[in-house]
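**Student:** Here it is, the structure, as structure tokens.
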């Protein structure tokens, strides 16, 4: 199994990230993708990934919350990081109209620029979309034939949005959100509709600790070592063998991010 979304640069992991990685290995997680969310965090993610060659990789990009920071100097930093061996995707980039920490216009500029960069460098994109599906798709579609792969990280959309993403050939990242009986039931019901070759699994650690995890860590902090729980639950809801699903989603991650 492969965790395609870990925020290992979070301050929550600052004191024990090495132990976090070791616990993931001991739990049977075979690889980790560390998420970059702005220029500084992308550098930190790349630095961490380089400490674990062949086990950790990273993305480099600017999250829509930080889109107001996008400028030529930031693009150059992202471009430079993208040339390093441990960086395998542009992102986390996209649109988030839920809280608009950056204006929609700023988000669209940063998103489009990063799609162009991914196309130029022939890198996959690691995507974020919240409350912005139609505009997200409008901006993404013109670039899809120029980009080797696209992953919708932490998908939480509805049935129509899932169908649209699947029809475009996007890979779908599923987190412990589906383990939340308060807000994840609708998405849980959609899990069997995702073709296995388009399914990826992730923790989004330290966030989104699965609510049905028992026992829960005293810290209430999510970690990649809990990915096996997500695999088990998703497999049960899809009526598939968890070992098989863990292997298939690991293969998918390595194919999408060209780690094979």
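From the backbone N, Cα and C atoms, a Cβ is placed for every residue, glycine too.
Pasting the feature list from Swiss-Prot:
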{"type": "BINDING", "residues": "92, 128, 153", "note": "divalent metal cation binding site"}
**Student:** Among all protein chains shown, how many Cβ atoms are found within 10 Å of the Cβ of residue 153 (divalent metal cation binding site), not counting that one?
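**Tutor:** A count of 27.
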**Student:** Specify all same-chain residues, apart from the site residues 92, 128, 153, whose Cβ lies within 8 angstroms of the center of the Cβ atoms of the divalent metal cation site, ordered by sequence.
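**Tutor:** Neighbours found: 5, 35, 63, 91, 93, 94, 126, 127, 129, 152, 154.
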**Student:** Going along the chain, which residues six or more apart from residue 128 (divalent metal cation binding site) have their CB under 8 A from its CB?
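**Tutor:** Once residues fewer than 6 apart are set aside, residue 128 (divalent metal cation binding site) is near 63, 64, 91, 92, 93, 94, 95, 96, 153, 154.
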**Student:** So if I draw a 10 Å sphere around the Cβ of residue 92 (divalent metal cation binding site), how many other Cβ atoms end up inside it?
**Tutor:** 29
